[in-house]
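*Asks:* Let me begin by handing over the structure; questions about it come next.
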């Protein structure tokens, strides 16, 4: 039978028009074949060169997001519930912890279900408007989370470094900081909806995010400035705060040891049996906080910068796992900021014995410095 029609398929024609060759393992199929027609105007021509992802990747993505969502929603829900209903935990500093948990709770509660549904369908199925709001919410909750972590670092810096000279944070000042974080984040994340850059489907078409493939500098400027405002600046402030916190606690410990020598005693600390010094404990907490934050958001930043500066090729698979790493930040934040709190652990054990880690007697004692470091939330309000 003779072949009479030599016209290329629409996908191949589009690729040829942009100088891109099909590489679909011997077929003309591409990753955008299942995209809804009304979504096509949001798809960058760059993605036409990639074949469809193996369905196994979609299944793995959906399963991973489901597990992360369950852990995050449960963990952050516990933090919000216990901190909000336990009288001894209702302090100004703990409002920041509650805000962090609330933001992380919303991120997974609102973003995980659509991603699971899209993974099942192997493409975005909710239309362009939902795509815009999905990306906006993800960016909003991520920015709120980062800046809330910065506010917590500042609060610890204020208590530990400044000491008695510090002005105690009140309920009103904590609420004002939280409001400022949300308004600042909302301003940045609404900008693409109003025309400064835009939100588009990501590489494998099951999630939406910032448009880092646009070639005009008006759109690129948003990625750069947003990265400064919601990545580099808070990272610098967190590192700055913990650097001086560690120095202050180390100096306090040295002073205690010198005073103990003058008094001809082994130690002034009541927890001498503890085999880890206060400054080492603090250094580990600070290192863990910064490292987890850095690991969560750096892959997504690298993907965005690789797109706008065209430094390396980006595959659909790499984009979605960068997004998953960022969402995973909502999973371990409750561990860092909630479960490490002795009074929170005690309340958790009292209300949910099967889920809690009962604090040991050694954890309930320690030096003044280590106590202030571990739970600055016990600071009296003005």
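Placed from the backbone N, Cα and C atoms, the Cβ positions cover glycine too.
Under the heading domain 'G-protein coupled receptors family 1 profile', TrEMBL lists 75-337. According to TrEMBL, the feature transmembrane segment maps to 56-83, 95-112, 132-154, 174-196, 223-246, 285-309.
Help me picture these features in the structure, burial and contacts included.
*Replies:* Beyond the transmembrane segment (56-83), the same-chain residues lying 6 or more positions past its ends with a Cβ under 8 Å from any Cβ of the stretch are 89-90, 94, 97-98, 101-102, 104-105, 107-109, 112-113, 115-116, 119-120, 122, 204, 206, 317, 320, 324, 327-328, 330-331, 333-335, 337-338, 344, 347-348, 351-352, 355.
Packing against the transmembrane segment (95-112) from elsewhere in the chain are residues 65-66, 68-69, 72-73, 75-77, 79-80, 83-84, 134, 137-138, 141-142, 144-145, 148-149, 151-152, 155, 171, 174-175, 177-178, 181, 327, 329-331, 333-334, 337-338, 341, 377: each is 6 or more residues past its ends and has a CB under 8 Å from a CB in it.
With a threshold of 8 Å between CB atoms, the same-chain residues lying at least 6 positions outside the transmembrane segment (132-154) that come near it are 93, 96-97, 99-100, 103-104, 106-107, 110-111, 114, 126, 177-178, 181-182, 184-186, 188-190, 192-193, 199-200, 207-210, 229-231, 234, 237-238, 241-242, 289, 293, 297, 323, 326-327, 329-330, 333, 337.
Counting same-chain residues at least six beyond the ends of the transmembrane segment (223-246), those with a Cβ under 8 angstroms from any Cβ of the stretch are 142-143, 146-147, 149-150, 153-154, 156-157, 160-161, 184-185, 188, 191, 197, 210, 212, 279, 282-283, 286, 289-290, 293-294, 297, 301, 304-305, 307-308, 373.
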*Asks:* The domain 'G-protein coupled receptors family 1 profile' (75-337): mean pLDDT?
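*Replies:* Result for the domain 'G-protein coupled receptors family 1 profile' (75-337): average pLDDT 86.
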